[in-house]
Amino acid sequence: MAYQMFFISTIACMAMLVSVAYATDPTQLQDFCVATNDPNNAVFVNGLFCKNPMDATPEDFFFKGLDIPATTNNRLGSNVTLVSPMNLAGLNTLGISVARLDFAPYGLISPHTHPRATEVFTVLDGTIYVGFVTSNQANGGNKLFAKVLNKGDVFVFPQGLIHFQLNIGKTPAVAFSGLSSQNPGVVTVSNAVFGSQPPISVDVLTKAFQLDAGVIKYLQSKFSMGS
Ligand SMILES: *[C@@H]1O[C@H](CO)[C@@H](O)[C@H](O)[C@H]1NC(C)=O
């Protein structure tokens, strides 16, 4: 009996350890795993298909052009350039990615979450108001942690929490972010809630946001197709 209890608790502990280990990207099981679009010539899978390591070249670990500002003449006045295994194949399985964030004057990266990554945000130029909101707390509230950042300042957005970045300066701003996943994912709150295809029922959204159906339909028309 005692032995059985020990066995069951050991299994339970191991199950918890395994679930902890899988809470982030899988740890690589080799030095690297350069992603390949050619599965016929691939040797194994851990994330995307891996190129045969014997065929890897320095170019597989290289990306050029993050010094170039992206265009920000869009509705929000911002643009995110993500470097991931899609454009730097050697990042595959390494659990990390990087992004350049360009802001027009008063440009916004609207409230969003990264379901799979914590983000470390560094301002290279400009003055940016940033913040994140906690998950629902025991008292039912959600706490905002926000700050105005200047050149050289660093801020961290914990994994999965809603956050935003607004250029509050009269000049363009630029920041770089490190992300703790090769595929952080993005959920833009306004687009996901009001712009899904097919749309979420107006009945759901009127009750959830305590708004008239006409206001919900207006918001749905604004955000449909992720516009
Ligand atoms: C982001 O910048 C790139 C490069 O300048 C451009 O091709 C792309 O259309 C821009 N995206 C948006 C949403 O403005």
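FYI, residue positions are counted from 1 along the chain as it appears here.
From the backbone N, Cα and C atoms, a Cβ is placed for every residue, glycine too.
Bear in mind that TrEMBL entries carry predicted annotations, made automatically and left uncurated.
The Mn(2+) binding site annotation in TrEMBL covers His112, His114, Glu119, His163. On its own chain, His114 (Mn(2+) binding site) has Phe157, Gln159, Gly160, Leu179, Ser181, Pro184, Gly185, Val186, Val187 as residues at least 6 apart in sequence with a Cβ closer than 8 Å to its own Cβ.
Annotation comment: TrEMBL describes His114, Glu119 as oxalate binding site. Taking a C-beta cut-off of under 8 angstroms and a sequence separation of 6 or more, Glu119 (Mn(2+) binding site) has the following same-chain neighbours: Val156, Phe157, His163, Ser177, Gly178, Leu179, Ser180, Pro184.
Cys50 (disulfide bond) counts 23 other C-beta atoms within 10 Å of its own C-beta, drawing on all protein chains shown. In the three-state DSSP assignment, the secondary structure recorded for Cys50 (disulfide bond) is strand. Residues annotated as disulfide bond in TrEMBL: Cys33-Cys50.
Here TrEMBL flags 64-217 as domain 'Cupin type-1'.
Residues annotated as signal peptide in TrEMBL: 1-23.
The Mn(2+) site, placed at the center of the C-beta atoms of His112, His114, Glu119, His163, has further neighbours from the same chain whose C-beta lies within 8 angstroms: Thr113, Ala117, Phe132, Phe157, Leu161, Ile162, Pro184, Val186. The separation of His112 (Mn(2+) binding site) from Cys50 (disulfide bond), Cα to Cα, is 31 Å. Mapped onto three states, the DSSP output places Cys33 (disulfide bond) in coil. Considering other CB atoms within 10 Å as the measure, the emptiest surroundings among the binding-site residues His112, His163 are those of His112. Within the same chain, residues at least 6 positions away in sequence whose Cβ sits under 8 Å from that of Cys33 (disulfide bond) are Phe44, Asn46, Gly47, Leu48, Cys50, Lys51, Asn92, Thr93.
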